[in-house]
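Going by Swiss-Prot, these are the annotated features:
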type     : residues : note
COMPBIAS : 11-23    : compositional bias 'Basic residues'
COMPBIAS : 386-396  : compositional bias 'Polar residues'
DISULFID : 235-314  : disulfide bond
REGION   : 1-26     : region 'Disordered'
REGION   : 89-106   : region '9 X 2 AA tandem repeats of G-S'
REGION   : 238-247  : region 'Agonist binding'
REGION   : 367-396  : region 'Disordered'
TOPO_DOM : 223-236  : topological domain 'Extracellular'
TOPO_DOM : 303-330  : topological domain 'Extracellular'
TOPO_DOM : 477-487  : topological domain 'Extracellular'
TRANSMEM : 29-51    : transmembrane segment
TRANSMEM : 165-188  : transmembrane segment
TRANSMEM : 199-222  : transmembrane segment
TRANSMEM : 237-258  : transmembrane segment
TRANSMEM : 279-302  : transmembrane segment
TRANSMEM : 331-353  : transmembrane segment
TRANSMEM : 455-476  : transmembrane segment
TRANSMEM : 488-510  : transmembrane segment
């Protein structure tokens, strides 16, 4: 039984509301999963940093014992051991040992009433016997390797913690690969997504994919081995790819923000200029700028291959001038541009929403008899003119207001962006009713614009939280005014890498134009992907699928023929 046009539109309205609730639940689920992974990642690194906390070096000959005792009391590792066992001790000699014990030579004295525990002093190792309070003196040369490393001021990461951190980092790497590969496959397979406005999104996905494949695996090995065993040549190549890919990812984010800003503030002018050739040129400029930042250490300055003790390391060039140049070009300038651009986009979106609410209020008053369509405060009712620029945007002129509906996936979680120009012109459909299809579509676009404002906050928050700590540390390190623990440096570095995992989630998964292809690709239902996307787009525009619309048109055509 075929539904009438009015019944079908009512049915589609209920269906759209149900779909919106389902999409909201999906977004909450994705956000919760992302937050959980982020918290898991952060907690693992906190445990990793706590485990790698080093203890002060052993007492060297000629060092004052008071300084040794002061350094020892500042060590959190030994304070925890001392707090867990009540120790009292006494000894002879000229030196005082750790805690309340004292010792001399290469031995330390301690007395404990709890379970057997070994405490490393700066002059030796003390160990208590089980069941009595006698103290056994153990020379440092006779202690196990782990205790020797404790005495030497080093710490071996517990195996379980190391395995846990490695698993979390592997999950980050695999998630980054899967997410960005899905973006590339979706754009290649779906004709609707092969538009110039998505070229930068593909470039972003490729840069993040390179981070996951070329940078993260070596960084994981470096973390596990805790030293660089692959030679200076491979170190230079790895560092160059690291700087190149991470900088390209950040600059792609900046270019996307500028692209969206121009599409909203200058829709008519920029819509014509946004051609495939120019977007490819923009992508080339992004990668060229990233190369200009990554190549100087490889070709001219050189990277760091040894630390002060001669141990092999692999660190980017710490030249002060280069660090200023690299941090400004890779982060601080793009961050400033993105903050300005997204603030302007947020203001434009808010202004549009307020103008459309005001226009709808005037129109409602006119229809209820409290106002008049020809009154000065209400714009005249008119018809809607639509024009397509051929690159993914539809321009609509209604009264005194010019609107642009961008069908390119970007900031809006619904897959579109709405821009307005004018001093508050009115909005009306050809029927002059608030329940007309034009007003339903307009309300739908305004709802998407509100979601876009929320997405802006997510974008800036994720980008800033992930990369700001690392680049603050990058500016501090060349001054050598403070010692930065290696675990803290690793945490900030991997936090920046995690941004490559969040990018496909924020820029693609929250966008309906990408979310549906992702689902179909993951379920291996790619044969009818373009047909399904075309039907969804048709339904969003007209409120009914093509088959039903054709059927209703045939019914009206048959009724007209019978009347004639």
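All positions are counted from 1 along the displayed chain.
Using N, Cα and C of the backbone, Cβ positions are placed for all residues, glycine too.
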Proximity verdict for the transmembrane segment (279-302) and the transmembrane segment (331-353), three or more C-beta pairs under 8 Å: no
DSSP helix/strand/coil residue counts for the region 'Agonist binding' (238-247): 10 helix, 0 strand, 0 coil
Contact set, same chain, for the topological domain 'Extracellular' (223-236): CB under 8 Å, 6 or more residues outside the stretch: 157, 162, 165-166, 169, 297-298, 302-303, 305, 311-314, 490
Three-state composition of the topological domain 'Extracellular' (303-330), taking helix and strand from DSSP: 11 helix, 7 strand, 10 coil
Counts by DSSP class (helix H/G/I, strand E/B, coil) across the topological domain 'Extracellular' (223-236): 9 helix, 0 strand, 5 coil
